[in-house]
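Participant: Handing you this structure, nothing more for now.
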Amino acid sequence: MEGPRGWLVLCVLAISLASMVTEDLCRAPDGKKGEAGRPGRRGRPGLKGEQGEPGAPGIRTGIQGLKGDQGEPGPSGNPGKVGYPGPSGPLGARGIPGIKGTKGSPGNIKDQPRPAFSAIRRNPPMGGNVVIFDTVITNQEEPYQNHSGRFVCTVPGYYYFTFQVLSQWEICLSIVSSSRGQVRRSLGFCDTTNKGLFQVVSGGMVLQLQQGDQVWVEKDPKKGHIYQGSEADSVFSGFLIFPSA
(Lines of atoms letter the chains of each structure in order from A and count residues from 1; the text may use other names and numbers.)
(Lines give C-alpha, C1' and ligand atoms only; values in the text may rest on other atoms or scores of the structure.)
Protein backbone atom coordinates (compact mmCIF):
# COMPACT_ATOMS: atom_id res chain seq x y z
CA MET A 1 0.00 0.00 0.00
CA GLU A 2 2.75 2.44 0.86
CA GLY A 3 4.64 1.70 -2.37
CA PRO A 4 2.07 2.94 -4.89
CA ARG A 5 1.10 5.98 -2.77
CA GLY A 6 4.75 7.02 -2.54
CA TRP A 7 5.20 6.71 -6.24
CA LEU A 8 2.20 8.89 -6.86
CA VAL A 9 3.60 11.64 -4.68
CA LEU A 10 6.91 11.52 -6.43
CA CYS A 11 5.26 11.80 -9.83
CA VAL A 12 3.27 14.90 -8.83
CA LEU A 13 6.37 16.61 -7.46
CA ALA A 14 8.26 15.82 -10.62
CA ILE A 15 5.58 17.26 -12.89
CA SER A 16 5.34 20.45 -10.80
CA LEU A 17 9.07 20.94 -10.86
CA ALA A 18 9.17 20.42 -14.59
CA SER A 19 6.48 23.05 -15.14
CA MET A 20 8.35 25.62 -13.05
CA VAL A 21 11.54 25.03 -14.95
CA THR A 22 9.74 25.31 -18.27
CA GLU A 23 8.10 28.64 -17.33
CA ASP A 24 11.41 30.13 -16.30
CA LEU A 25 13.22 28.96 -19.39
CA CYS A 26 10.61 29.48 -22.23
CA ARG A 27 7.53 31.85 -21.79
CA ALA A 28 5.20 32.20 -24.74
CA PRO A 29 3.67 35.62 -25.66
CA ASP A 30 0.07 36.47 -24.60
CA GLY A 31 -2.66 35.73 -27.06
CA LYS A 32 -5.14 38.22 -28.59
CA LYS A 33 -8.30 39.20 -26.76
CA GLY A 34 -11.20 37.08 -27.56
CA GLU A 35 -14.47 38.32 -29.06
CA ALA A 36 -17.11 39.88 -26.80
CA GLY A 37 -19.45 37.37 -25.41
CA ARG A 38 -23.19 37.44 -25.80
CA PRO A 39 -25.17 39.80 -23.49
CA GLY A 40 -26.11 38.11 -20.33
CA ARG A 41 -29.63 37.75 -19.01
CA ARG A 42 -31.43 40.80 -17.54
CA GLY A 43 -30.73 41.12 -13.88
CA ARG A 44 -33.29 41.37 -11.17
CA PRO A 45 -34.78 44.90 -10.35
CA GLY A 46 -32.73 46.77 -7.83
CA LEU A 47 -34.00 48.21 -4.56
CA LYS A 48 -36.15 51.42 -4.68
CA GLY A 49 -34.02 54.50 -4.22
CA GLU A 50 -34.67 57.46 -1.94
CA GLN A 51 -37.00 60.28 -3.10
CA GLY A 52 -35.09 63.03 -4.83
CA GLU A 53 -35.38 66.80 -4.46
CA PRO A 54 -38.34 68.54 -6.23
CA GLY A 55 -37.44 69.65 -9.70
CA ALA A 56 -37.83 73.14 -11.14
CA PRO A 57 -41.31 73.99 -12.50
CA GLY A 58 -41.62 73.21 -16.14
CA ILE A 59 -42.68 75.66 -18.81
CA ARG A 60 -46.44 75.63 -19.31
CA THR A 61 -47.06 75.08 -22.96
CA GLY A 62 -50.20 72.97 -22.96
CA ILE A 63 -53.80 74.13 -23.37
CA GLN A 64 -55.81 74.61 -20.17
CA GLY A 65 -58.06 71.67 -19.60
CA LEU A 66 -61.79 71.68 -18.94
CA LYS A 67 -63.13 72.57 -15.51
CA GLY A 68 -63.48 69.52 -13.35
CA ASP A 69 -66.54 68.37 -11.46
CA GLN A 70 -67.51 70.16 -8.27
CA GLY A 71 -65.86 68.64 -5.27
CA GLU A 72 -67.48 67.54 -2.07
CA PRO A 73 -68.42 70.34 0.42
CA GLY A 74 -65.75 70.99 2.97
CA PRO A 75 -66.33 71.05 6.72
CA SER A 76 -68.18 74.04 8.22
CA GLY A 77 -65.97 76.87 9.39
CA ASN A 78 -66.13 78.71 12.69
CA PRO A 79 -69.07 81.14 13.14
CA GLY A 80 -68.26 84.65 11.93
CA LYS A 81 -68.74 87.90 13.82
CA VAL A 82 -72.19 89.45 14.11
CA GLY A 83 -72.77 91.84 11.22
CA TYR A 84 -74.43 95.25 11.21
CA PRO A 85 -78.25 95.30 11.29
CA GLY A 86 -79.72 95.29 7.82
CA PRO A 87 -82.35 97.72 6.56
CA SER A 88 -85.91 97.30 7.75
CA GLY A 89 -88.00 95.06 5.57
CA PRO A 90 -91.35 95.99 4.06
CA LEU A 91 -94.40 96.19 6.29
CA GLY A 92 -95.99 92.80 6.66
CA ALA A 93 -99.60 91.92 6.14
CA ARG A 94 -102.09 92.88 8.79
CA GLY A 95 -102.45 90.20 11.41
CA ILE A 96 -105.58 88.48 12.58
CA PRO A 97 -107.52 90.44 15.25
CA GLY A 98 -106.76 89.22 18.72
CA ILE A 99 -109.17 87.80 21.19
CA LYS A 100 -111.42 90.30 22.94
CA GLY A 101 -110.06 91.18 26.33
CA THR A 102 -111.82 90.93 29.62
CA LYS A 103 -114.11 93.71 30.70
CA GLY A 104 -112.42 96.31 32.83
CA SER A 105 -113.60 97.61 36.13
CA PRO A 106 -116.12 100.46 35.98
CA GLY A 107 -114.67 103.93 36.15
CA ASN A 108 -115.55 106.55 38.70
CA ILE A 109 -116.38 109.94 37.30
CA LYS A 110 -115.71 111.46 40.69
CA ASP A 111 -112.05 110.55 40.34
CA GLN A 112 -111.70 112.44 37.04
CA PRO A 113 -110.66 116.11 36.99
CA ARG A 114 -113.47 118.40 35.84
CA PRO A 115 -112.18 121.97 35.61
CA ALA A 116 -114.96 124.53 35.07
CA PHE A 117 -115.53 128.19 35.94
CA SER A 118 -117.87 131.16 35.62
CA ALA A 119 -117.04 134.76 36.61
CA ILE A 120 -118.76 138.16 36.25
CA ARG A 121 -117.65 141.80 36.20
CA ARG A 122 -118.47 143.80 39.32
CA ASN A 123 -115.48 145.93 40.32
CA PRO A 124 -112.75 145.20 37.78
CA PRO A 125 -109.50 147.18 37.70
CA MET A 126 -109.26 149.90 35.08
CA GLY A 127 -106.84 149.92 32.16
CA GLY A 128 -105.51 147.29 29.80
CA ASN A 129 -107.18 145.39 26.99
CA VAL A 130 -107.81 142.13 28.90
CA VAL A 131 -111.43 141.99 30.07
CA ILE A 132 -111.23 141.03 33.74
CA PHE A 133 -114.19 139.24 35.28
CA ASP A 134 -113.30 139.84 38.91
CA THR A 135 -116.10 138.08 40.79
CA VAL A 136 -115.98 134.28 40.70
CA ILE A 137 -119.22 132.30 40.70
CA THR A 138 -117.78 128.83 40.09
CA ASN A 139 -114.15 127.78 39.91
CA GLN A 140 -113.91 123.96 40.00
CA GLU A 141 -110.25 122.86 40.19
CA GLU A 142 -109.47 126.64 40.35
CA PRO A 143 -108.32 127.09 36.74
CA TYR A 144 -109.51 130.72 36.51
CA GLN A 145 -107.47 133.64 37.91
CA ASN A 146 -109.86 136.49 38.74
CA HIS A 147 -107.08 139.02 39.31
CA SER A 148 -105.76 138.62 35.75
CA GLY A 149 -108.91 137.47 33.94
CA ARG A 150 -107.08 134.42 32.53
CA PHE A 151 -107.94 130.73 32.49
CA VAL A 152 -104.84 128.52 33.00
CA CYS A 153 -105.07 124.92 31.73
CA THR A 154 -104.01 122.20 34.18
CA VAL A 155 -105.64 119.22 32.44
CA PRO A 156 -104.87 118.80 28.69
CA GLY A 157 -108.01 118.34 26.64
CA TYR A 158 -110.82 120.01 24.71
CA TYR A 159 -112.52 123.00 26.36
CA TYR A 160 -115.53 125.14 25.58
CA PHE A 161 -115.41 128.89 26.34
CA THR A 162 -118.20 131.45 26.10
CA PHE A 163 -118.85 135.07 27.12
CA GLN A 164 -121.79 137.50 27.22
CA VAL A 165 -120.86 141.18 27.59
CA LEU A 166 -123.27 144.12 27.95
CA SER A 167 -122.63 147.42 26.15
CA GLN A 168 -124.37 150.57 24.87
CA TRP A 169 -121.74 151.43 22.28
CA GLU A 170 -119.86 149.89 19.40
CA ILE A 171 -117.80 147.04 20.78
CA CYS A 172 -115.44 144.32 19.51
CA LEU A 173 -114.25 141.43 21.68
CA SER A 174 -112.04 138.39 21.01
CA ILE A 175 -111.30 135.08 22.70
CA VAL A 176 -107.50 134.91 22.86
CA SER A 177 -105.26 131.99 23.80
CA SER A 178 -101.54 131.48 24.29
CA SER A 179 -99.38 128.35 24.15
CA ARG A 180 -95.75 128.33 25.34
CA GLY A 181 -95.70 132.11 25.31
CA GLN A 182 -97.04 132.40 21.75
CA VAL A 183 -100.23 134.52 21.70
CA ARG A 184 -102.84 133.81 19.04
CA ARG A 185 -106.14 135.60 18.50
CA SER A 186 -108.66 132.82 18.25
CA LEU A 187 -111.97 134.43 17.31
CA GLY A 188 -113.45 137.97 17.26
CA PHE A 189 -117.01 139.24 17.79
CA CYS A 190 -118.35 142.78 17.15
CA ASP A 191 -121.67 144.64 17.49
CA THR A 192 -122.79 148.21 16.74
CA THR A 193 -125.58 150.50 18.01
CA ASN A 194 -126.24 154.17 17.38
CA LYS A 195 -129.17 154.65 19.73
CA GLY A 196 -127.49 154.05 23.07
CA LEU A 197 -129.59 150.98 23.75
CA PHE A 198 -128.29 148.00 25.71
CA GLN A 199 -126.90 145.21 23.59
CA VAL A 200 -125.28 141.90 24.45
CA VAL A 201 -122.21 140.73 22.56
CA SER A 202 -121.70 137.00 22.94
CA GLY A 203 -119.33 134.41 21.56
CA GLY A 204 -118.12 130.90 22.18
CA MET A 205 -115.71 128.31 20.80
CA VAL A 206 -113.97 124.98 21.47
CA LEU A 207 -110.20 124.94 21.97
CA GLN A 208 -107.73 122.11 22.39
CA LEU A 209 -105.34 123.06 25.18
CA GLN A 210 -102.15 121.68 26.67
CA GLN A 211 -101.01 122.07 30.24
CA GLY A 212 -99.97 125.67 30.89
CA ASP A 213 -101.95 127.19 27.99
CA GLN A 214 -104.00 130.30 28.82
CA VAL A 215 -107.32 131.72 27.54
CA TRP A 216 -108.90 135.13 28.11
CA VAL A 217 -111.26 137.74 26.60
CA GLU A 218 -109.68 140.82 25.04
CA LYS A 219 -111.29 144.07 23.83
CA ASP A 220 -110.46 146.34 20.93
CA PRO A 221 -108.67 149.47 22.30
CA LYS A 222 -110.92 151.76 20.20
CA LYS A 223 -114.12 149.71 20.41
CA GLY A 224 -114.12 148.21 23.86
CA HIS A 225 -116.41 150.20 26.17
CA ILE A 226 -118.23 147.71 28.43
CA TYR A 227 -121.28 148.72 30.44
CA GLN A 228 -120.70 148.68 34.19
CA GLY A 229 -123.83 148.65 36.39
CA SER A 230 -125.63 146.65 39.06
CA GLU A 231 -128.73 145.86 37.00
CA ALA A 232 -126.91 143.65 34.46
CA ASP A 233 -123.75 141.57 34.44
CA SER A 234 -121.22 140.41 31.90
CA VAL A 235 -120.04 136.81 32.29
CA PHE A 236 -117.14 134.63 31.13
CA SER A 237 -117.37 130.80 31.44
CA GLY A 238 -115.43 127.72 30.42
CA PHE A 239 -115.24 124.00 31.14
CA LEU A 240 -113.52 120.78 30.07
CA ILE A 241 -115.46 118.74 27.49
CA PHE A 242 -113.12 115.71 27.63
CA PRO A 243 -109.42 115.22 28.33
CA SER A 244 -106.89 114.40 25.64
CA ALA A 245 -106.09 110.74 25.06
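Keep in mind that glycine also has a Cβ here, set from the backbone N, Cα and C atoms.
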Participant: Among P79, P90, P106, P143, find the residue to which Swiss-Prot assigns the annotation 4-hydroxyproline.
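Facilitator: Annotation hit in Swiss-Prot: P79.
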Participant: Could you check Swiss-Prot and say which of P54, P125 is marked as 4-hydroxyproline?
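Facilitator: Annotated as 4-hydroxyproline in Swiss-Prot: P54.
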Participant: If you check Swiss-Prot for 5-hydroxylysine, which of K67, K81, K223 comes up?
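Facilitator: In Swiss-Prot, K67 carries the 5-hydroxylysine label; others show none in the record.
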Participant: Within 10 Å of the Cβ of C190 (disulfide bond), how many other Cβ atoms are there?
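Facilitator: For C190 (disulfide bond), the 10 Å Cβ neighbour count is 13.
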Participant: Tell me which of the modified residues K33, K48, P57, P79 ends up closest to Q199 (Ca(2+) binding site) in space, Cα to Cα.
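Facilitator: Checking each of K33, K48, P57, P79 against Q199 (Ca(2+) binding site), the shortest Cα distance is to P79.
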